[in-house]
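Engineer: Below is the structure I would like to discuss, written out as structure tokens.
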């Protein structure tokens, strides 16, 4: 059975290696084309016995397939900043901390990560000042050898003195000037200094493990307690896995039989959303879920209020009572109004919800459009109304989690939403998910539709290196991948040196990348066009993917107005955002008023614990018409109890700091942070995917990833459709009303000027000349990035057309006499 299960991976091992080697060569070529040796597309050995290609893979259909968008000058600067060395230590002679005096920091144009936030000391020894900001391993070894030599000399002197004392001799020519106690103390200090290597970070800062004084009890009980808790967690995890296997067997044996099993197979085999909808409706009829939709009564929403408001809004719209309708909408357009956006309403059927809810959503959308187009409401009032609608209703965001190469499943999620025109304007990504988010936010809709195809695998070449090469790098640097090489290969996804601000101006989508500072006590930053508008996107992608042991922390790079590339945030280094904020829901709410988060979660250590005891959106409980529990009440209760017990002990380990800070990181956050959103998508992960968790996909694999991602997104699209139906109408209203600011007529300007001068000097008979400039024009939507605490919609500012002037008539234009 195992042989059959993994057999489909074996034929692709050869082509994948060949593809990686060819891409490594063609990427450095001037043309950057990856298909020069394969004009017909496909792998070189993907041919049948007749010599024809098995699959017609054609990379030429992808826009910019022959471009790399690499700016070598930027990469050279990036590499130079990463390799910048410290001022060498002039003397390796060790000095105690009491002999160190504070020294003013060296004035530099910027602060690099190697001397960021680190105290500086001046070591005074023989009137020589030494910058002992960081002592390398070589210096420590030299000090250790120095003290060993001193100790050997002292021992020889002592033994020689004892021998001569017995012989009655006087004096000792080899007598040292240094006291015996000082030498022994220095040797002991040097030994401690050598062992302190393991308690230092990479930038030389010593980890203070006992900063708050844990006491001797902590050191005695820490490791035994951690051992017993770890064994208990291992036992609980084993029991949890057994419960999940029993629940899956229970559902497959008792529920999915006969016609139900056939309909379920058709549902899972749907390649398009239309096919999936038809299969879902057939399955609902078979399971008896269709009857639930007709009955408006349900305890998870206020069906009485919704029914009354639907009739009232329709009546006011048909009677053309715009003022009354706009007042009612102010109270109705809110997030999850009367429970109509509750996920439970969409978890009872495979497709659809209550008919009353669908009618309300349709009527509400028509009412919003009617208010926008009604001539009975002036433009100023419309602008205020839609500003309130936007704030009350909020915004939606797509959050793509990390997860190594599992993150390529996000491609299918984005494709499914894009095909139905439901892709949110705000997209965030972390680690591997940041790469997909960057691709979605730097390309237009039409470009994305051409890019999200199986041939996209030819452009993903991050893991091209052979085993001996990356093992040697890992042994030498502590990281499997090279930062500069990854920066070069990610430039295609970011269109070169594009910044967050430039991406927003090009597509109107807001890219967010979560990164964590290398300092464990500094706050996390969510990079976007507000917090870091001029930051290069490819540098944020590297920082967000810098998992310890995989990629070393890197600096964010900033583009100046002159086009120069310099370090961002004083040159401090950043690492994988999944370590602390995989899903930055709170930050998105702060910056963009996001209150509906659609999360695509592919982290394997989190996805294995996903379990919806009462069903989830588009996936109801498979028995008892959706009214029961998955696996029965006993199975669901046991699953929840074990999972809560595991979480409790993880919180205990974090609270009492039992887990060591390996590579200066609190690893309990990997399990204890928030990983879900308003709606959470869990793409299906196969056991064979773990073998390629740090590997590049090939076209057949990419085709499967796109299929699985779309299959996961299909059940959630109806919920997202109802949400975006209102949100997009409000967004269109905001864009339309902000461009309807009344343009001043010449008579208005004359009246204003007359009033101003009459109030300032009523008795003056002096006539003034005035030039009326051309009408001011607004910037196009999506180009302004101004923001304020009171408005998250970033209204475009007004500016004058080129050539307009406020010069008087005597200087340039004919006068207008008032």
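Residue numbers in this text run from 1 along the chain shown.
In case you wondered, yes, glycine gets a Cβ from its N, Cα and C as well.
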Engineer: Labelled transmembrane segment by Swiss-Prot, one stretch among 202-222, 223-243, 244-264. Can you tell me which?
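Structural biologist: Feature transmembrane segment in Swiss-Prot: residues 223-243.
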Engineer: Taking 756-780, 781-805 as the choices, which stretch does Swiss-Prot tie to region 'Disordered'?
Structural biologist: 781-805
Engineer: With the ranges 104-128, 129-153, 154-178 to choose from, which does Swiss-Prot describe as region 'Disordered'?
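Structural biologist: Checking Swiss-Prot against the ranges 104-128, 129-153, 154-178, the region 'Disordered' one is 154-178.
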Engineer: What is the three-state DSSP composition of the motif 'GXSXG' (429-433), stated as helix, strand and coil residue counts?
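Structural biologist: Across the motif 'GXSXG' (429-433), the residues distribute as 2 helix, 1 strand, 2 coil.
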Engineer: What parts of the chain pack near the transmembrane segment (223-243), using Cβ distances under 8 Å and only residues at least 6 beyond its ends?
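Structural biologist: Distal contacts: 609, 631, 635, 638-639, 642-643, 645-646, 649-650, 652-653, 658-659.
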Engineer: Around the C-beta of residue 431 (active site, nucleophile), how many further C-beta atoms are within 10 angstroms, looking at every protein chain?
Structural biologist: 29
Engineer: On the 0 to 100 scale, where does the mean pLDDT of the domain 'PNPLA' (398-589) fall?
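Structural biologist: Average per-residue pLDDT within the domain 'PNPLA' (398-589): 89.
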